[in-house]
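Features reported for this protein in Swiss-Prot:
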TRANSMEM  30-50  transmembrane segment
TRANSMEM  98-118  transmembrane segment
TRANSMEM  129-149  transmembrane segment
TRANSMEM  165-185  transmembrane segment
TRANSMEM  203-223  transmembrane segment
TRANSMEM  248-268  transmembrane segment
TRANSMEM  269-289  transmembrane segment
TRANSMEM  300-320  transmembrane segment
TRANSMEM  334-354  transmembrane segment
Amino acid sequence: MIIDTTAVQDMNSFSRLQSLKEVSGIIWMLVPILSLVLGITLGVLVIVWLEREISAGIQQRIGPEYAGPMGILQALADGIKLIFKENLLPSRGDTRLFSIGPSIAVISILLSYSVIPFSSHLVLSDLNIGVFLWIAVSSIAPIGLLMSGYGSNNKYSFLGGLRAAAQSISYEIPLTLCLLSISLLSNSSSTVDIVEAQSKYGLWGWNLWRQPIGFLVFLISSLAECERLPFDLPEAEEELVAGYQTEYSGIKFGLFYVASYLNLLVSSLFVTVLYLGGWNISISYIFVPGLFEITKVGRVFGTTIGIFTTLAKTYLFLFISITTRWTLPRLRMDQLLNLGWKFLLPISLGNLLLTTSSQLLSL
């Protein structure tokens, strides 16, 4: 049997072309994901530096100044130090739960970034249930903290994990009710649709003015979800040494801090998206909607402006969160639970009923 060499070469060339197409498709799929991860990492480093500088200013002392200009590389130096430190395991603890707990906390929060629109053309996944995906995946993080506390075989760690679970349950319900109110106003649960619904009326179309009660409840609940002062009961130093982090060292110890700042950043981004108009500058006389959609260069320029606008609003909320941490005292556990169940839950439920009534009357 004689085989035509030309046909064989054509088949080999076709198979190589198909392989190259598959590889290029995988690369193009990974590029936005890796870009998002890189941007999030830089955002966390900036937040750590900002917190140290702001806390130094509030306490009238000198902040980080040796690692890089103005100490901006101090967080990177701390991360490298933790990578090379020894990872200790508790002798009588559950090593599997102990090891997997920090990873669950970080991964569950990272998934939330997939539905955040940084601009009209920069969102990893525009889902119809975007805001509720955030609630769903963020509720997994306390499970990781509880696993870490239980696997440590330490009473302080276990108590810290229990507090994290109780705090998460108490404040996720008001948070969800606020999200329902926003979804009713926007007639959608997609984060992109919510931002576009606010852009119709400029600055006065922000949900901040239409939902002031919901904004305050969302603000307090998001701070409690991030376990920031005055809501850092799961890791109260005076009572629980370091809570669920007590037995951790090395990179696993660093993962908890990364998860904390990731959660703070994603909460700030959702405040921007849900209440502050997202990527819209909201100056209708200067920036006409659709102005940057005419050419490719215009779309790139508009996307860049949208990213900077989103980040500016986000870091404004971050400044408020950091200032709150260094100015307010910690609540007791009973005060924390009473605030969530006796005050925020009825207020958020009443806000949802008012929103529903107004939407029905407007039909």
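Cβ coordinates come from backbone N, Cα and C, glycine included.
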Considering the transmembrane segment (334-354), which listed stretch of 30-50, 98-118, 129-149, 165-185, 300-320 counts the most C-beta pairs under 8 Å: 165-185
Remote residues contacting the transmembrane segment (98-118) - C-beta distance under 8 A, at least 6 residues beyond either end: 36-37, 40, 89-90, 124-127, 130-131, 133-134, 137-138, 140-141, 143-149, 151-152, 191-192, 195, 244, 247-248, 252, 255-256, 258-259, 262-263, 266, 269-270, 273, 278-279, 306-307, 310-311
Sequence-remote partners of the transmembrane segment (129-149) [C-beta within less than 8 Å, at least six residues beyond its ends]: 97-98, 100-105, 108-109, 111-112, 114-115, 157-162, 164-165, 167-169, 172, 175-176, 179, 182-183, 189-192, 194, 225, 234, 243-245, 248, 256, 259, 263, 266, 270, 274
Stretch among 165-185, 248-268, 300-320 sharing the most Cβ pairs under 8 Å with the transmembrane segment (30-50): 248-268
For the transmembrane segment (248-268), sequence-distant contacts whose Cβ falls under 8 Å of one of its Cβ atoms, 6 or more beyond its ends: 40, 43-44, 47-48, 78-79, 82-83, 85-88, 99, 102-103, 105-106, 109-110, 112-113, 116, 134, 138, 141, 148, 152, 222-223, 225-228, 314-315, 317-318, 321
